[in-house]
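Working notes, beginning with the structure itself.
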Amino acid sequence: MVAGAVLALGGVTGGSPAGAQSERSEIAQGGDGGCGPAGCVTVIAVSGLIDPLVADGIIEELDETQRSDDLVGVVLQLDSPGVVLTDGQFTNLARRLDRFPKKMSVWVGPSGAEAIGGAAELVALSPDASIAPGSTVRFDSTQRLDPAEFGDLLPSEPGQLDTTLEAEPAQKAGVVAVVAPTLGDALVGLDWFETKVVDVGGESRREPVTVVRFVKLPLPKQLLHTAASPAVAYLAFVIGLGLLLFEFYTAGVGVAGVVGAVALLLGGYGLGVLPVRNWAVALVVASMIAFAIDVQTGIPRFWAAVGMAGFIIGSLTLFDGVPFPWIAVVVGIIGMASMMFSGMPSMVRARFGTPTIGRTWMVGEMGQVTESVDPEGMVRIQGGLWKARANRSTPLSVGDRARVVDVDGLLLEVEPEEGGAKDYRELRKNRGGDAAE
């Protein structure tokens, strides 16, 4: 359930393996579901980072298009903040697109889409690429694909590097050939996409003759691709670690352990695909060990603070070279702090506490009243919040110093720092000693 909620935060992209016929949606102008005399064009929707799953899906779809006589070309509908492929994987994908024997084009859309870094280089590979108004292209300062093989793909003007280019500037820079508001406009504008002119209400319009065929990843691969987005990978990894630590302090294996294991596996897969700093991953894992030391005492102290510091540093330095998921990281840090400084200690005290064993050390400890004890309230003892009852019905106000005089299960019996029963007992003892003399 938790893993599903985390995965729902990410985007799902396209690219489909050849065998995923059930995942395809074909739109035939003739109404019979076939390609017709003008053939079919395959549209592959690519959303999110281009990872190995997406790259393999694109290549498999290129292979199927190449084998089929009915498929005349491929169009990538691109909305990607970058590429998370090795140099060899990226070169292979670019080579397959560049040397594709049939027609190939790229449309950066719909409005609001982006093509950044390596994704922008894939756009530049297509001589008839198009972009929707409101979409952007951004090149890195250095070209990742080998210029000797693919040519110079970067804009000629130095000021256009590391700069976000909107639709018209991208067209003027030669990055795209056409500004097309919709996918239909992009397709109709292609020389190799067959259309016909029809009269609609006295106006002439171009209507597609070539059939458009959409493909996407099958559900299992969509799940893994979503897990490889920075925000989802981070949250799944952190939630998995937190739930497994929670399960460690519960009796038996429950839902939290199963969900935590699934979330950790998905998060681990995502971090394995994304460019991360290994030492930061190790720091996040080590912080769980530090948390566990103090959680078992029921009171967050030194090791909880060390764990929180390590967790924050590891989270803020985890990713290298991909858009940083600020919202996810802030949510993760706040959630982990709440869990380790409040939720887990309270759970451990309530679940594993006994009437007196292990708590006698608290007798004589001093604390501070956080909720008026009259006759019952709350006190903070060495950083932990405890239910308290006033000794001899002596009320204590918020902010008063309180001394623990007895432990009754989960309830502490407290008295004021001065004027309590202990002071009177010591006074009687001293008087008794004077009388004996």
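Cβ from N, Cα, C; glycine included.
Residues or ranges marked as region 'Disordered' in TrEMBL: 13-33. Annotation comment: TrEMBL describes 223-246, 253-272, 278-295, 302-319, 325-344 as transmembrane segment. Residues or ranges marked as domain 'NfeD integral membrane' by TrEMBL: 232-340. Residues annotated as domain 'NfeD-like C-terminal' in TrEMBL: 362-416.
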- Item | Other parts of the chain folded back onto the transmembrane segment (302-319), taken as Cβ under 8 Å at six or more residues beyond its ends | 230, 234, 238, 271, 274-277, 280-284, 286-291, 293-295, 325, 329, 332-333, 336-337, 340-341
- Across the domain 'NfeD integral membrane' (232-340), DSSP labelling yields 84 helix, 2 strand, 23 coil
- Query: Can you tell me how the residues of the domain 'NfeD-like C-terminal' (362-416) break down into helix, strand and coil by DSSP?
  - Reply: 4 helix, 35 strand, 16 coil
